[in-house]
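Taken straight from Swiss-Prot:
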BINDING   Asp73, Asn75, Asp77, Ser79, Glu84  Ca(2+) 1 binding site
BINDING   Asp109, Asp111, Asn113, Tyr115, Glu120  Ca(2+) 2 binding site
BINDING   Asp157, Asn159, Asp161, Arg163, Glu168  Ca(2+) 3 binding site
DOMAIN    40-58  domain 'EF-hand 1'
DOMAIN    60-95  domain 'EF-hand 2'
DOMAIN    96-131  domain 'EF-hand 3'
DOMAIN    144-179  domain 'EF-hand 4'
LIPID     Gly2  N-myristoyl glycine
Amino acid sequence: MGKQNSKLKPEVLEDLRHQTQFSEEELQEWYKGSLKDCPSGHLSVEEFKKIYGNFFPYGDASRFAEHVFRTFDTNGDGSIDFREFICALSVTSRGQLEQKLRWAFSMYDLDGNGYISRQEMLEIVTAIYKMVGTVMKMPEDESTPERRTDKIFRQMDKNMDGRLSIDEFIEGAKSDPSIVRLLQCDPQAATQS
């Protein structure tokens, strides 16, 4: 993402090859597309929310998009550059399950203290419910954000301290694939659980 060149510099390309799961060709294609969509080289939270919202026309994706943006913006400068975007995309689209879960944990851990509180989980789950609108039919025990949060905590909070450690989060998700679908808000969650 930048005005100067339509191709990544060889040293940047090499670095991104090692940091991501993308081939050189894929990285160049993503870079070319990002120049077209974002000539400034940086995506603001408002621009990101607008783009993200296009994928969820029947709901309000703005709150969830803000959480995704915060997690993509690894240097915390309030914008996403190509490196941040492509590294996050690599984890979320091609990473191993544990990498994806660690990434998701960092999004849910709003205050960055290494734990997900019930309130943090509720904030994210509420944002997901607003994003999907009425498109997804939820089972009765997940019919509200509060109920879904309670269900996740019942299944994951093994030491019952009211917060999820990264180990509880990862183990809980790995031991019950329906939780992964719940966390990712997979529309098939209701039919496969």
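Just so it is clear, glycine is given a Cβ too, placed from its N, Cα and C backbone atoms.
What Swiss-Prot annotates, mapped onto the structure for a quick look.
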| residue | record | Cβ neighbours (10 Å) |
| --- | --- | --- |
| Asp73 | Ca(2+) 1 binding site | 19 |
| Asn75 | Ca(2+) 1 binding site | 10 |
| Asp77 | Ca(2+) 1 binding site | 10 |
| Ser79 | Ca(2+) 1 binding site | 20 |
| Asp109 | Ca(2+) 2 binding site | 21 |
| Asp111 | Ca(2+) 2 binding site | 10 |
| Asn113 | Ca(2+) 2 binding site | 10 |
| Glu120 | Ca(2+) 2 binding site | 20 |
| Asp157 | Ca(2+) 3 binding site | 19 |
| Asn159 | Ca(2+) 3 binding site | 9 |
For the domain 'EF-hand 3' (96-131), find every same-chain residue at least 6 residues outside the stretch whose CB is under 8 Å from a CB in it, and list them. 56, 59-61, 63-64, 66-68, 70-71, 88, 144-146, 148-149, 152-153, 162-166, 169-170, 173-174, 180, 183-185
Go through Glu84, Asp161, Glu168, the listed binding-site residues, and name the one with the sparsest Cβ surroundings, counting other Cβ atoms within 10 Å. Asp161
Top Cα neighbour of Asp109 (Ca(2+) 2 binding site) in the set of binding-site residues Ser79, Glu84, Asn159, Asp161: Asp161
What count of other C-beta atoms do you get within 10 angstroms of the C-beta of Tyr115 (Ca(2+) 2 binding site), across all chains shown? 18
Asp111 (Ca(2+) 2 binding site) to Asp73 (Ca(2+) 1 binding site) - Cα separation in whole Å: 15
What counts of helix, strand and coil residues does DSSP assign across the domain 'EF-hand 1' (40-58)? 9 helix, 3 strand, 7 coil
Ordered by sequence, the long-range same-chain Cβ contacts of Arg163 (Ca(2+) 3 binding site) under 8 Å (at least 6 apart) are Tyr115, Ile116, Ser117, Arg118, Asp157
Going by C-alpha positions, which of the binding-site residues (Asp73, Asn75, Asp77, Asp161) is nearest Glu120 (Ca(2+) 2 binding site)? Asp161
Nearest of the binding-site residues (Asn113, Asn159, Asp161, Glu168) to Ser79 (Ca(2+) 1 binding site), judged by Cα-Cα distance: Asn113
Shell list (Ca(2+) 2; ref centroid = CB of Asp109, Asp111, Asn113, Tyr115, Glu120; cutoff 8 A): Tyr108, Leu110, Gly112, Gly114, Ile116, Ser117, Arg163
Fill in the CA-CA distance, Asn75 (Ca(2+) 1 binding site) to Asn113 (Ca(2+) 2 binding site), as an integer in Å. 17
